[in-house]
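Look at TrEMBL and you will find B:121, B:162, B:195, B:196, B:197, B:198, B:203, B:281, B:282 tagged as ATP binding site. According to TrEMBL, the feature domain 'ATP-grasp' maps to B:125-311.
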């Protein structure tokens, strides 16, 4: 028998009697939403999606899908009706829209006051400086001549330029060697942040999850290996990282989460410098590529913990389940049929964990990732790299 | 851009270009379908569901849901269009309908020739005897007087009576102490199988997965603890089971899968007798309650391997990830709001893995399960029992 039941937030919907589990509304239909839905299924929660198209990665696998434009406030408001909380697959919802939803009484997690730091790199840098978090030298620059002055203030060129809003995966980022090279960054008319090009040994990520009542958990610090500005491989934990620097990175991420009022998953991308310091590169307030290893390598995945956090449930154990876990992104190659590559990959490695996003294959596009784990790091890395390369088509045996 | 793409089986559907992943059609919208969908998401496959209602457990979380009656051949035929393979959440689809789908050219996995052994206990017993698999003494009985004769042929009463079709979780099963007590079993007009009441030490389950090309994997043999005829707790691996008996049980299950032509997951429920033998109790050709522990306790879950098998993909590693994994079923109690119990359960045990089915809470109904794992069996059992009891409402602190 189906009757009208009442959700936690007192909203009526048609559901079996007694099923009073909350509704999590997620804005954005990408792979992060897809994997968040997957992680939410065991919790028995309802998952509602606002997706750009019915074919988006998450829309293919979820039941309650609203197709609409997240930039339109009326669409967002209609979507939020019947949701107990709103969270995000990406940072692109206009901050003022989030404030409007909050004014409507809808919990938005992370809230606009936190999320603005992941939306605007200028705001992020100003806040991190205010709370004494180590960052690369930086300032907002006005024009190419100002970039030249910024360079002269420090060790000179090269300088990294970033539009303060809208960049990701190397887009909206330029490494320039002189003032003339800086022109492109100013073409979009968006404020531009200049940063020193840090002489780093490697990139790390410190991922934490924080709930509204202030509980927080820290995942092991990972090493993130970029190729052409896109994350290629993540190794958990970061090999050879000193316990001191690891603890420092975790403490730093927990402090950023607290000071910025983050709710949900926070990824703090870090540079490990040649002289043994860590500097904050970027922040992401949502499940993040550097945390995909947790699906198969941690007791509780970043996706499950993100859901728990936005619902203000106690968080799950973030500890690793294996000595080493490696994640390798699967990028699109020239060959569109990745499914037929499963035969080789699965037969070669019965322990391989494939995570595909249901995305159209385009060269260079992230269409999935693989996780491997075990005791021997070289072996674990080789298995992940082989599978990712074979799926992409760059390895053919 | 969305265009008409072609699936593996050459059927056209609207999907992004190049996404040629197969469509798995599952008949039945229960929790097994829900968890199969969850396990299929990472593989990037499409999952299509034939569900009795739009509120069924799996229908709540899947995108492509057809609501219809699996007993109606036209409904099944329409559902099968666009599916690359048909598989099952339950054994109740009429065998002749499965043959009709096969005649239409739709791969049905497991196929009717295998599935009939899980549908009809008479057929199952006859086949197991034919291939020399040890079973309790049994025969089809005609009436209560015949039950008395069956008892007299062996050690007398009690005798177990089972309708050959339609029983599950203790339904359609009677333990009778005399001929008069046998009357109920004959009321449905379904043929009745009589079996000796085995003097067993405990119940075990040997779970295997087999693919059409003949690859098979065996999970560790588990102990299954029943309460009131319903599975209460599963311990993986079965504590204190001798390596010899464990290997014998695995070999037996692999042989049954091969001889019966099973494709997908096969659960072989076993009695371990007081004199150290194993006898087959029941067969299930689908993911099974005795394999739920694999979601958190094995490298590849039974659901993921069932999907891989029905698609004839290489199977995943069935090995355990922890020394001990315990599954405890969550039954409905008097208190319908299980969600609020999450606070206590999650705060008490950050490593607890909850799996809820989105089902209306009714006393005694399976509405979810929990998994725990670790090195200390007593601790792992206590954690699972506490969480399951607290969610049900029989433990209040």
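For all residues, glycine too, the Cβ spot is worked out from N, Cα and C.
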**Request:** Using Cβ-Cβ distances, find the residues under 8 Å from residue B:203 (ATP binding site) that belong to the same chain and are at least 6 apart in sequence, listing them in sequence order.
**Result:** B:223, B:224, B:225, B:226, B:269, B:270, B:271, B:272, B:281
**Request:** Mind looking up the mean pLDDT for the domain 'ATP-grasp' (B:125-311) in the predicted model?
**Result:** 95
**Message:** Tell me the coarse DSSP state (helix, strand, coil) of residue B:282 (ATP binding site).
**Reply:** strand
**Prompt:** Across all protein chains in the structure, which of the binding-site residues B:195, B:282 has the highest Cβ count within 10 Å?
**Reply:** B:195
**Position of peak Cβ density within 10 Å, selected from the binding-site residues B:121, B:197** = B:121
**Fill in**
residue B:121 (ATP binding site) falls, by DSSP collapsed to helix, strand or coil, into helix
